[in-house]
Amino acid sequence: MPIVTLPKIKHVRAFTVRGGGADYHDQGEGHWIDDHIATPMSRYPEYRQSRQSFGINVLGTLVVEIEAEDGTIGFAVTTGGEPAAFIVEKHLARFLEGRSPTDYEKIWDQMYFSTQYYGRKGLVVNAISGVDLALWDLLGKLRQEPVYHLLGGAVRDELQFYATGARPDVAKELGFIGGKMPLHHGPAEGIEGLKKNIAELADMRAKCGPDFWLMWDCWMALDVDYATRLAIAAHEHGLKWIEEAISPDDYWGYQQLKRNVPKGMLVTTGEHEATRWGFRMLLEMDCCDIIQPDVGWCGGVTELLKISALADAHGKMVVPHGSSVYSYHFVITRHNSPFAEFLMMHPGPTEVVPMFHPQLIGEPVPENGRLKASALDAPGFGVELNRDIAMHRPYTH
Ligand SMILES: C[C@H](O)[C@H](O)[C@@H](O)[C@@H](O)C(=O)O
Ligand SMILES: [Mg+2]
């Protein structure tokens, strides 16, 4: 029986898309995800009401396509926009074209170390992640298997989700296991702002009852002192975890915050961390209880496999930042990823809608806060690119 030889990679293309999408993409007026959310820029009153005012969506969406010699196309959606498209076309493509899609380890190594002198985290690793996700999508399509089969198969029959959004009370009615709220007031709003935060949490606790998970996403907005005072005040309302409270670069601050928070409250972070080396720092310095890499930003599936194994060895959970199918296919295969995040992209949010709309066709969404593994049973990541959206290819090679 001859071994299967997959067709080689022929073309790598990078496109930008504006409008819609998930976190950090373009959202319309009045969307919960851009309504007075505390950020590191909240210290400037002019940038306090809207994250778009300081440019959270300035990069926009990146779509990476990888076409094999037989015409099969793998693709992926992440953020990074035009600068990431430049990096994909002008730098990364050379490590894929003419290669086998099965060489994803060597390809990742060459993408990372060829850009290390200007990359390592952020935009460059977003671009690498987009290429890596498209490569796994292509592998699955060529092998006619869902990505989760290529990662070792499901360790449970279904995914369960917590919901991120401003309405945990609605999330509870929709069957989610918990609700993560955006924090609205940062240190610049003083004790009055802290009291408003606590009042919002108390209100949601009253609406959701005593056992429903309630969490805060603090989006890098706080300092150790404020986060400590907030956690202590939130404890009586059963805050389950305080997420990304301080700067991702302040590993020492996270180490201190984890010591400061009340017993039983979890400290989580990682969505703006990248690569096995960044997460090794978080793990070995005991910065948090749960790491939350975004598979579209941390280095892709190839790197998340390494990050997850490291976390497992440290006895830590890996609950990836909301990235739709790109994280679902991973979470279903890992024991130390017992649940997933669903980002409520409905403006209210009062309804479950696909996260990457309108970019993806066939994107599965949780029903009653759950998704059966069988819902992922389609080649690759199981979604198709909506080719009716306006895609722009700013660079070629
Ligand atoms: C405002 C939101 O809470 C964040 O952008 C959130 O969507 C992200 O940090 C997350 O954890 O989902
Ligand atoms: Mg977050």
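Glycine is no exception: its Cβ is also placed from the backbone N, Cα and C atoms.
Look at TrEMBL and you will find His25, Arg51, Glu341 tagged as substrate binding site. Taken from TrEMBL, the feature domain 'Mandelate racemase/muconate lactonizing enzyme C-terminal' covers 168-264. According to TrEMBL, the Mg(2+) binding site annotation covers Asp217, Glu243, Glu271. If you look up TrEMBL, you'll see His321 marked as active site, proton acceptor. What TrEMBL records for Glu341 is site 'Transition state stabilizer'.
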Using the Cβ center of Asp217, Glu243, Glu271 as the Mg(2+) site position, which other residues in that chain lie within 8 Å, going by their Cβ?
Thr164, Lys180, Cys218, Trp219, Glu244, Thr268, Thr269, Gln292, His321
Please list the DSSP helix, strand and coil residue counts for the domain 'Mandelate racemase/muconate lactonizing enzyme C-terminal' (168-264).
52 helix, 15 strand, 30 coil
Expressed to the nearest Å, what is the distance separating His321 (active site, proton acceptor) and Glu271 (Mg(2+) binding site) at their Cα atoms?
6
Out of the binding-site residues I have (Asp217, Glu271, Glu341), which ones have their Cβ sitting under 6 Å from ligand 2?
Asp217, Glu271
Consider only the recorded positions Arg51, Asp217, His321: which of them have a Cβ under 6 Å from an atom of ligand 1? Write none if no residue does.
Asp217, His321
How big is the gap, in Å, between the Cα of Asp217 (Mg(2+) binding site) and that of Arg51 (substrate binding site), rounded to a whole number?
14
For His321 (active site, proton acceptor), which of the three DSSP-derived states applies: helix, strand, or coil?
coil
Under a three-state reduction of DSSP output, how is Glu271 (Mg(2+) binding site) classified: helix, strand, or coil?
coil
By a simple count, how many Cβ atoms lie within 10 Å of the Cβ of the residue listed as 'active site, proton acceptor', its own Cβ left out?
24
Enumerate same-chain residues with a sequence separation of six or more from Glu341 (substrate binding site) and a Cβ-Cβ distance below 8 A; give 'none' if the list is empty.
Phe161, Tyr162, Ala163, Thr164, Lys180, Gln292, Val319, Pro320, His321, Gly322, Ser327
With every protein chain in view, how many other Cβ atoms are within 10 Å of the Cβ of Glu243 (Mg(2+) binding site)?
26
In this predicted model, what is the average pLDDT of the domain 'Mandelate racemase/muconate lactonizing enzyme C-terminal' (168-264)?
98
Per DSSP, three-state class assigned to Glu341 (substrate binding site):
strand
